Structure formats: structure tokens, C-alpha cells
Amino acid sequence: MEGEAKRTISKDLMPTLSEERNWGIYNFIALWIGMDIGIPTYYLASGLIAGGLDMKGAIFTILLGNVIVMIPILLNGHAGAKYGVPAPIYWRSAFGYKGATLPAIVSAVVAAGWYGIQIWIGGEALNTIIVALYPAWAEFSAGVWICFGLFWLANYAILVNGMGALKKMEAFCAPLLVLWMIILLIWAYNRAGTWGPLVRQTGNFASTGAFLAFFIPALTSNVGYWGPMTLNVTNFTRYAKDQRSQVVGQFVGLPSGIVALALVGSLVTSATVVIFGEAIWDPVALTGMVDNVWFVVGSMFFLMTATLTTNVAANAVAPATVIVQVTEGRVNFKWAVLVLGIIAILIRPWALVGDLSMYQNMFLVGGAAFLGPVAGVIICHYMIVSKTELNVDALYEGEGEYKYEKFKGYNALFRNICIIVPIILIAAAMIGPAAWMGSATSLSMSVRTSMIAYAVLTLIVAVYIHLNIGGGVNVFAVFSVMASVALVFCGLWIPGLHMLYDASWFIGTGLSIVLYYALMKKADPVYLENKKVEHMEQLNKKNT
């Protein structure tokens with residue numbers, strides 16, 4: 001491999017060697033079950049049942065959502081198994097050598113949200129330990145906030161100073177979380193003597209319309225739960241022995257663990273209605289109610305350790321690295337971690353965890369509105385435009401195929417669009433009465449916030465395109481994402497179109513695929529034809 005970029009790139013970003021591709025079916029099953037086991041997974045069914053679904057309906061919705069999200073995960077996973085490239089490099093194929101910053105930013109923002117949520121959960125676990133050992137601590141109203149701050153500092157310290165021995169404890173603590181869940185299940189049934197009323201509870205919807213109004217965003221939120229993995233899955237499949245290993249392993253591992261844990265959460269919560277007279281959806285709070293101090297302390301210690309190691313590895317390193325990359329090294333990793341921690345606080349994870357509706361409709365559905373279109377463009381480019389044929393050398397070369405130099409003539413036009421759109425949105429958001437959409441009703445704060453947030457993102461895109469006006473960005477990929485996200489958010493901005501937002505992942509992903517393919521076919525039909533010919537040649541070689 002030639003070029004300055006090749007010589008200076010991190011070894012971790014280079015294609016995996018043949019001897020490194022040793023992950024079999026079991027490895028992928030274990031990977032997914034390990035990622036499935038966690039408190040946020042436990043919450044999934046609770047929000048659905050609280051919203052009106054019966055237990056069977058909630059479990060079915062979770063299963064269906066995970067089967068659906070498996071499709072883009074397997075499609076993008078194909079590239080990792082075939083070429084051995086990590087996600088940040090793979091994204092260059094669709095967005096360009098420099099344009100890959102956009103999916104990196106989107107992925108990082110969502111990861112920052114998860115980073116904050118996991119810190120809050122870890123802080124709650126620490127608070128539960130202290131209360132178990134010193135019951136008087138429960139009377140201290142600021143106790144949980146102090147624990148949140150301490151756990152925030154612990155995450156920061158580990159990120160700055162390295163994982164060390166703590167990382168080695170992850171393999172030990174994660175399986176014990178499974179044991180903790182099983183013990184909770186047995187304890188709840190023994191105390192209640194039954195699985196409780198939620199098992200027999202029927203759905204609570206007055207009409208089909210009311211059911212669909214809840215079911216569609218609920219399904220979207222379950223797809224959005226693993227939305228980040230639709231972008232990042234090549235980080236794992238690049239180690240696959242072959243395509244069969246990643247397909248079968250993920251097909252079995254992805255839905256099985258998450259459905260099993262959601263079922264455990266539902267059954268335990270149902271039993272708590274009999275035990276305590278109310279449904280206790282939070283497993284951390286429930287564990288604190290168990291009358292065995294050492295079980296409480298041990299369980300919460302394992303939860304804290306597993307949360308700490310998983311949070312640092314899965315939710316912090318990538319977004320902190322993106323901050324360093326976007327600022328071109330002006331902000332070093334240490335300061336990037338600090339910025340990430342501040343973002344995690346501003347996201348208010350306690351509000352997301354404390355309000356199941358906000359967790360589902362704002363965080364998961366809202367995140368899916370961005371992740372879906374990005375995944376759609378990447379899949380469309382790899383599967384439809386490129387016919388799974390990538391130029392690996394060019395992925396590492398700033399002057400290669402993925403500079404998209406042919407498209408640089410469109411950069412100025414799209415940059416100007418990205419300047420005009422924010423002006424319109426901010427002006428609309430600042431208008432008190434919503435006269436611009438024929439209503440005398442004032443715009444809600446959530447609508448104004450989403451308008452301004454999208455406007456800011458669009459301005460950032462405009463600046464980035466301007467800085468790379470000479471090439472390196474596939475503006476058709478960027479435009480497809482931005483246009484798809486805008487349509488989805490029209491569901492928040494325009495009365496009567498809320499279904500667009502409720503089905504954000506489906507609408508955004510579908511539109512981005514159609515739009516990107518149409519633009520690429522119109523702009524460079526020769527490129528598509530060449531990829532088709534290249535693919536046929538590869539198939540002929542394989543068959544001879």
C-alpha cells in the first residue's frame with residue numbers, strides 16, 4: 001500500500017491479517033449476548049408494557065425490532081468479513097475519504113448519550129451499595145448526585161490513564177450479571193408465589209389507530225436501540241473466519257440475549273406488583289429492596305465494574321477520538337474525554353432513564369432518525385452501487401477513488417443550500433405563533449430545539465464542505481442523509497405528519513437508499529456500470 005496516509009495511519013485501522021480472522025459462530029453469539037446483558041436492555045419491555053402493550057406484545061415487538069435491525073447489521077457486516085476494514089475506513093467508500101467524518105459525528109453523538117446513561121446507572125449502583133451498608137445515607141437527598149459525580153470521575157480517570165487491570169475484570173463480571181438476573185428472577189417468584197398480574201394483563205388500546213400510534217414508535221425505538229451497531233459492526237466482523245460465521249453467529253446471538261433479558265425483566269417486574277403493591281421497573285432499585293446486604297453489595301459491585309468497563313470501551317473511546325479528529329488534533333484525547341463527559345451531563349441521562357417515554361421517543365427514536373439515513377447510504381453504496389466491490393487501497397489514499405473528485409463541482413451548490421436552510425429554520429423557530437404552518441399555536445420547546453439543533457448540524461456540514469471544497473467528500477451521500485433527516489423531523493415540525501418521526505428509522509433509511517442511488521446513477525452512471533462489470537468478473541473468477 002502506497003501513500004503518506006497509509007504510512008501514518010494507526011495499525012488498528014489497517015485491514016485485519018488472515019491470522020487475525022479467527023472469530024467463529026460462537027464468538028459472535030458470545031459477543032452479542034455480552035452486549036445484550038445490561039440495564040438499558042432490562043428497561044425495553046418495561047416501557048412497552050407501561051405504554052399499554054401486554055407482555056406477549058412487548059416481547060414480540062422487541063423480537064421483531066431486533067430481527068429488522070439485523071438486516072442492515074448483516075449487510076454492513078458483510079464488508080467487514082470480506083475486506084477486514086474497520087468502520088471508520090469502511091465509511092469512506094460511501095462518504096469519501098474526508099466525508100466519513102459525518103457518520104463518525106452521528107455515531108459519536110449517540111454514543112455520548114449512552115455514555116451518560118451508563119454513568120447514571122453506575123452512580124445509582126454505587127448509591128445502592130452505600131445505602132445497603134449505611135442506611136442513613138438514604139436520607140441524604142444529594143447522595144445519588146454525589147455518586148453520579150464519583151462514577152463520572154471514575155470513567156474519566158480510566159479513559160485518561162488507561163484500562164489496566166480493570167479491563168481484565170470485564171470477562172469475570174459480565175457473566176455474573178447473568179447470574180444476578182437469574183437470582184432476581186428466582187427471588188421474585190419465591191417471594192410472590194406467582195408471576196404476578198402483568199403476565200395475565202391484556203393490551204390497553206381503545207382502537208387500532210391508538211395501537212398503531214404507540215406500536216410504530218415502539219418498534220422504531222427497538223430498531224434504534226442497536227442503531228449504532230448498523231454503522232459500527234465491521235469493527236467486529238472484520239475478525240470473522242468467513243461470512244457464514246458472522247451471519248449465523250449474529251442471527252442467533254443478537255435477538256436471543258435481548259429477548260431473554262427483556263422477558264426476565266418483565267417477569268420480575270410483574271412479581272413485584274404482588275410483593276410491593278407496585279411495579280418496580282428499575283432492577284437497581286429492586287435489588288436495593290432485597291433483604292440481604294451482601295447480595296445487594298456484591299450484585300451492585302459487579303454491575304458497577306461491568307458498566308464501567310463496557311462504557312469506557314463501547315461508548316467513550318470512539319466519540320472522544322472523533323472529537324480529536326474533527327478538531328484536527330487541536331483538542332487532545334484528554335480534553336476530548338472531558339468534553340464528552342460534559343456532553344453526557346448536558347444530555348441529562350437521569351431524565352432519560354427516569355421517564356420511559358422520553359427514553360423511547362426522544363433518545364431511541366430521535367437517534368434512529370440520524371442513524372437510519374447514514375446506514376441506508378452506506379448499505380446502498382456497498383450493496384447496490386458498488387456491488388460489494390471496494391478498492392481497499394483507495395480507502396487509505398486521500399487522492400484515490402474515494403476522493404470523489406468528479407463530484408467536487410457540486411460542493412459549492414450544496415454548501416450554499418446548507419447555509420440557506422439553517423437561516424429558514426432558525427427564523428421559523430424564533431417565531432412565537434406558528435403562523436408559518438397555518439396555525440395560531442405556539443411552537444413547543446421540543447420543536448424549537450430540534451429545529452435549532454438541525455440548523456446547527458447543517459451549518460457544521462456547510463463549513464466542512466467549504467473546507468474540503470476541492471474534493472474528498474461525496475456530497476450526494478451527505479445530501480441524501482441531510483434530506484432524509486429533514487423529512488423525518490418534519491414529523492415534529494408540521495402538525496399531522498408525526499408518523500414520519502414515529503417511523504424515523506424506516507422512513508429515513510428507505511428514503512436515503514432511494515435518493516442516494518438515484519443521485520449516483522444520474523451523476524456518474526459509468527461508475528455504477530464499472531462496478532457491475534468488476535463484480536461479474538469476480539464472480540466468474542470464483543466459479544472457475
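Cβ coordinates are placed from backbone N, Cα and C, and glycine is handled just like the others.
A TrEMBL annotation is a machine prediction, not a hand-curated record.
Summarising the annotation, TrEMBL assigns transmembrane segment to 23-45, 57-75, 95-117, 137-159, 171-189, 209-227, 248-281, 293-314, 335-351, 363-385, 449-467, 500-519 (among others).
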Answer key: the stretch among 95-117, 137-159, 248-281, 293-314, 500-519 with most Cβ pairs under 8 A to the transmembrane segment (363-385) is 500-519
Is it true that the transmembrane segment (248-281) and the transmembrane segment (23-45) have 3 or more Cβ pairs under 8 Å, skipping pairs fewer than 6 apart in sequence?
-> yes
Cβ-based contact of the transmembrane segment (335-351) with the transmembrane segment (209-227), 3 or more pairs under 8 Å | no
Candidates 95-117, 209-227, 449-467; stretch with most C-beta pairs under 8 Å toward the transmembrane segment (57-75) | 209-227
Please give the sequence-distant neighbours of the transmembrane segment (449-467): residues at least 6 beyond its ends with Cβ less than 8 Å from one of its Cβ atoms.
-> 101-102, 105, 411, 414-416, 418-419, 421-422, 425-426, 428-429, 443, 473, 475, 478, 482, 485-486, 489, 492-493
When each of 209-227, 293-314, 500-519 is checked against the transmembrane segment (95-117) for Cβ pairs under 8 Å, which one has the most?
-> 293-314
Using a Cβ cut-off of under 8 Å, list the residues of the same chain at least 6 residues beyond the transmembrane segment (500-519) that approach it.
-> 72, 94, 213, 216-217, 220, 223-224, 227, 365-366, 368-377, 379-381, 384-385, 476-477, 479-481, 483-485, 487-492
Spatial neighbours of the transmembrane segment (209-227) not adjacent in sequence (6+ beyond its ends, CB under 8 Å) are 40, 44, 47-48, 51-53, 61-62, 64-66, 68-69, 73, 110, 203, 254, 360-361, 364-365, 367-368, 371-372, 375, 499, 501-506
